[in-house]
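These notes are about the structure you will find just below.
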Amino acid sequence: MEVLWMLLVLLVLHLSSLAMSLSTCKAVDMEEVRKRRIEAIRGQILSKLKLDKTPDVDSEKMTVPSEAIFLYNSTLEVIREKATREEEHVGHDQNIQDYYAKQVYRFESITELEDHEFKFKFNASHVRENVGMNSLLHHAELRMYKKQTDKNMDQRMELFWKYQENGTTHSRYLESKYITPVTDDEWMSFDVTKTVNEWLKRAEENEQFGLQPACKCPTPQAKDIDIEGFPALRGDLASLSSKENTKPYLMITSMPAERIDTVTSSRKKRGVGQEYCFGNNGPNCCVKPLYINFRKDLGWKWIHEPKGYEANYCLGNCPYIWSMDTQYSKVLSLYNQNNPGASISPCCVPDVLEPLPIIYYVGRTAKVEQLSNMVVRSCNCS
């Protein structure tokens, strides 16, 4: 009995020490973090350009060809446009949602073949019952099993959303894909996240996709494609006996409703302004500003443009969602015992990185290069 009591005391002390280690962090030396980041960038740039040492040249004394300047500015424009498009398509809360586990659903399609158009009909009410609010939707994919063909011809297929509005049927173009001849059956998929997101806002009982050849020519061979779950276009009914696991279906991943409170709470924290995130004393995992001046910080004269750039870095706490009074504490205790040097909490790491175009000199030759993954735009807990 006394031995059992001693073991219980030791267990309580162990859990207490583990809880303390999870709730406290060492003070961060911001200047040391900055120095390490600068040195890492020095090595990154030289490594990406495959340079053993820095070029011994002063770019300010060189006349840069107009072609190089034009190419550099064009590259900058492309990067900015791409960043703008991605910001529009990906919500600010996407990083938070990506961290949490998703529930996976599979919804089988009711298929119909009409005038060389494959129709995929879904019970939208059933989708709404399972997924819930559109804010919980993470990803939706329309998948179909394409059968092998002996036709040696590429075929471009176009996907449409067929929907009803005010008693009228409308078609909205979504995407097109080139179907190439294959010797084996294979799966084909379309990203329909945006469309399903709209389904969740509507009240229609059924929703439908249509897949049809882009070519309207009368040649039968140009329209010869077989998808499992449909009667073959040649008129036979062989495809009707398709296997259950190869019928067209909609795969959806969504955030379980019980986790939405955590995401909402994180949104509120991230929505209080840049000062909250960019302050060096901010507690959350987010982007910290770091401007690199090539001449001042690295002592380099061989890079002509830009003179410096916003490199940034990630720092801050990540959410720890397990409490010490749950079964997870035992798992974490064992993990910590077997991996004493490893972190048992998520780490704050770069999530979205952008390239950096530069004009630099090797000898008397001006070059324009794009260095990948040099600018940290957002951070995530991983």
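Keep in mind that glycine also has a Cβ here, set from the backbone N, Cα and C atoms.
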Disulfide-bonded cysteine for C314 as listed in Swiss-Prot, from C217, C379, C381: C379
Member of C217, C347, C348 annotated by Swiss-Prot as disulfide partner of C285: C348
Disulphide pairing with C318 per Swiss-Prot - partner from C25, C215, C217, C381: C381
The region 'Straightjacket domain' (22-65): DSSP-derived helix, strand, coil residue counts: 24 helix, 0 strand, 20 coil
Close glycosylation sites near C285 (disulfide bond), where close means Cα within 10 Å, chosen from N73, N123, N166: none
Cβ neighbours within the same chain of N123 (N-linked glycosylation site) - under 8 Å, at least six residues apart: F107, E205, N206
Candidate nearest C381 (disulfide bond) in space, where candidates are the recorded positions N73, N166, C286, C314, C348 and distance is Cα-Cα: C348
Nearest of the recorded positions (N166, C286, C379) to N73 (N-linked glycosylation site), judged by Cα-Cα distance: C379
Nonlocal neighbours by CB distance (under 8 Å) for C314 (disulfide bond), same chain, sequence gap 6 or more: C285, C286, V287, K288, C348, V349, P350, V376, C379
